[in-house]
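The feature domain 'ABC transporter' is assigned by Swiss-Prot to 12-214. Among the features that Swiss-Prot reports, ATP binding site is placed at G44, D45, N46, G47, A48, G49, K50, T51, with the record citing sequence analysis.
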Amino acid sequence: MIEPLHTAPPLLAAHDLAFSRNEEPVFGPLDFHVDAGEALLVQGDNGAGKTTLLRVLAGLLHVERGQIQIDGKSAKRGDRSRFMAYLGHLPGLKADLSTLENLHFLCGLHGRRAKQMPGSALAIVGLAGYEDALVRQLSAGQRKRLALARLWLSPAPLWLLDEPYANLDLDGITLVNRMISAHLRGGGAALVTTHGAYAAPPVRTRMLTLEVAA
């Protein structure tokens, strides 16, 4: 008798997920999933709820309808942070600390990826030589790169990336795609919102298109 194949559950799954603000629908209901090694590119016009969706998944907003599962198990709002690393529009950095101090501080709060160190993460994102530079002295693009270094150090298997290509030049855009691809090869997954022309999807990418609520 041939034993049935046991497939792993999705790293993230959402069922009947919807969000409203002031009784006005923002998105949903949505059903989608993301497997390990896969990216989901979330597209839609301004106002379609892309940022709101990622903030709901990250637990930054309370959702009144639907279910979110991690590895096949229901995940409450407060339990999802260790599984997810969120990169939003604001870098969330300490302006009066150096780049290296920021990374050490954040690693102390959230841990870090095995075999990765803050100094090497700065080199990966093109900030070698800026270890002692204060964040408030950095350009917008350099701050984005520092936020990407923090993302790279995160041990979380699921990345939630809200417009990660913003404030980056072509080299920076290539860097983001390389990082996402490496994360997927390591068994991670990513949700990426974008409407940019340079958002070349990494391997194993599916699309989720949000429509502006009528």
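Here the Cβ of each residue, glycine as well, is placed from N, Cα and C on the backbone.
On a predicted model such as this, the values are computed, not experimentally measured, just so you know.
Contacts of T51 (ATP binding site) defined by a Cβ separation under 8 A and a same-chain sequence distance of 6+ are given as G88, H89, D162, E163, T193, in order along the sequence. Counting only same-chain residues at least 6 apart in sequence, those with a Cβ under 8 Å from the Cβ of K50 (ATP binding site) are V42, Q43, G44, D162, T193, L210. Other C-beta atoms found within 10 angstroms of the C-beta of G47 (ATP binding site) number 13, with every protein chain shown included. Taken together, the residues in the domain 'ABC transporter' (12-214) have a mean pLDDT of 87 on the 0 to 100 scale. Scoring each of the binding-site residues (G44, G49) by how many neighbouring Cβ atoms lie within 10 Å, the top position goes to G49.
Taking the mean position of the Cβ atoms of G44, D45, N46, G47, A48, G49, K50, T51 as the ATP site, the remaining same-chain residues with a Cβ inside 8 Å of that point are F27, T52, L210, V212.
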